[in-house]
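In Swiss-Prot this protein carries:
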type	residues	note
DOMAIN	381-451	domain 'J'
MOD_RES	Ala2	N-acetylalanine
MOD_RES	Ser393	phosphoserine
REPEAT	28-61	repeat 'TPR 1'
REPEAT	62-95	repeat 'TPR 2'
REPEAT	96-129	repeat 'TPR 3'
REPEAT	142-175	repeat 'TPR 4'
REPEAT	210-243	repeat 'TPR 5'
REPEAT	256-289	repeat 'TPR 6'
REPEAT	294-327	repeat 'TPR 7'
REPEAT	328-361	repeat 'TPR 8'
Amino acid sequence: MAATAECDVVMAATEPELLEDEDAKREAESFKEQGNAYYAKKDYNEAYNYYTKAIDMCPNNASYYGNRAATLMMLGRFREALGDAQQSVRLDDSFVRGHLREGKCHLSLGNAMAACRSFQRALELDHKNAQAQQEFKNANAVMEYEKIAEVDFEKRDFRKVVFCMDRALEFAPACHRFKILKAECLAMLGRYPEAQFVASDILRMDSTNADALYVRGLCLYYEDCIEKAVQFFVQALRMAPDHEKACVACRNAKALKAKKEDGNKAFKEGNYKLAYELYTEALGIDPNNIKTNAKLYCNRGTVNSKLRQLEDAIEDCTNAVKLDDTYIKAYLRRAQCYMDTEQFEEAVRDYEKVYQTEKTKEHKQLLKNAQLELKKSKRKDYYKILGVDKNASEDEIKKAYRKRALMHHPDRHSGASAEVQKEEEKKFKEVGEAFTILSDPKKKTRYDSGQDLDEEGMNMGDFDANNIFKAFFGGPGGFSFEASGPGNFYFQFG
């Protein structure tokens, strides 16, 4: 009897291992049905809970894992769903929906090749399955978008890469790799808010994602927030020490910051030659950093203006606004250089651009000044006519008049052609006009200030150049021209 009891005990211990408990099976089915009901109501969290209870009761039922995988997919938890789908086909390799869900999870996560294998297996089991056929096409399309994007990235056609990634993400919405590539290209295109949004979204789900940290840093770096950018690059390298892009970006950011600061220091100390060299070196570090390079060009333009290399300064400022057409400081610097080189039309154009952007009193006055100088430049330039500087003294103006008046006097050219005589007479008259204005302090002041423009000129209607000439040289008999052969004259003054 003792032996029989011992045997019963042994039988009681092994029965649960050999026979499935019918009650457990029924309870598991009940949980599954409740899960189905919640799934139908789109209450996926409750559906997940009941499918989990069913699995706990019967862990070897493939359909339970398949159902829970479907629920996790609806919740966007594709990696967990993939695990359940894979378990379902391990338990039952003929489970077509299990293979479909496995493929769908692979595709959603961006593994198109693995997805193709799953869909192929589903088609082997059911070659007419329309869903498997369509999903197989989708997976192949994603692989094609990946290939195109890879080639276009090397070509630096970032707009095309963004397009390809958008198409791929329609089938692979949970693929961080595609999102990161898109975000990086958005950053390269200067679309920083969009790039930051994508990277931040990934970091909310995975704060240790080195690629997302790199892209966040890249956006800050290209927005000229270099110190903050370095912090993100360092964090990315902490998560992935071999992250090559983060390493290069971090090195460039530090070098750019150092060179720019050294250039600023040299400029403040008045060492313009050194500042020029440092800004030039900084410009060679990273041609992709548009905002920082725009500032560097403007800074170098300022240095060139200090060195009175005004055309070089204009070129630097032009490069700055090409990189950043909203850069007010560069427009102002270039406009001043245009004023200094008497390119008034260009100066007016730049000041108009500035005033349209920032309607301040200061900018309005700068525009008015440039417009006045432009008007003044279109009238006769009496200083040029006499060949004197704007700061010329009274004696210098008189000497210049004496020289030019004698040079262009009609009597000197009496033997020339009618055309030459006419031109010299015109110049003689202009010389007289110039002397009349510049030798009179009041008229000169009005001319210099542009008041004559508002007064519709200097009213030279009664002007006679010969009278000015006679008065200057002492009246009739005070001078004479004597010809000595063609083109030769002697001037004799009383």
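Yeah, the Cβs are placed from backbone N, Cα and C, and that goes for glycine too.
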Remote residues contacting the repeat 'TPR 7' (294-327) - C-beta distance under 8 A, at least 6 residues beyond either end: 224, 260, 263-264, 267, 272-273, 275-276, 279-280, 282-283, 333-334, 336-338, 340-341, 357
Residues near the residue listed as 'phosphoserine' in space but at least six apart in sequence (CB under 8 A): none
Touch test for the repeat 'TPR 5' (210-243) and the repeat 'TPR 4' (142-175), at least 3 Cβ pairs under 8 Å: no
Within-chain partners of the repeat 'TPR 6' (256-289) [C-beta distance under 8 Å, separation at least 6 from its ends]: 188, 221-222, 224, 226-227, 230, 295-297, 299-300, 302-304, 306-307
Residues of the repeat 'TPR 8' (328-361) by DSSP state, where helix covers H, G and I: 28 helix, 0 strand, 6 coil
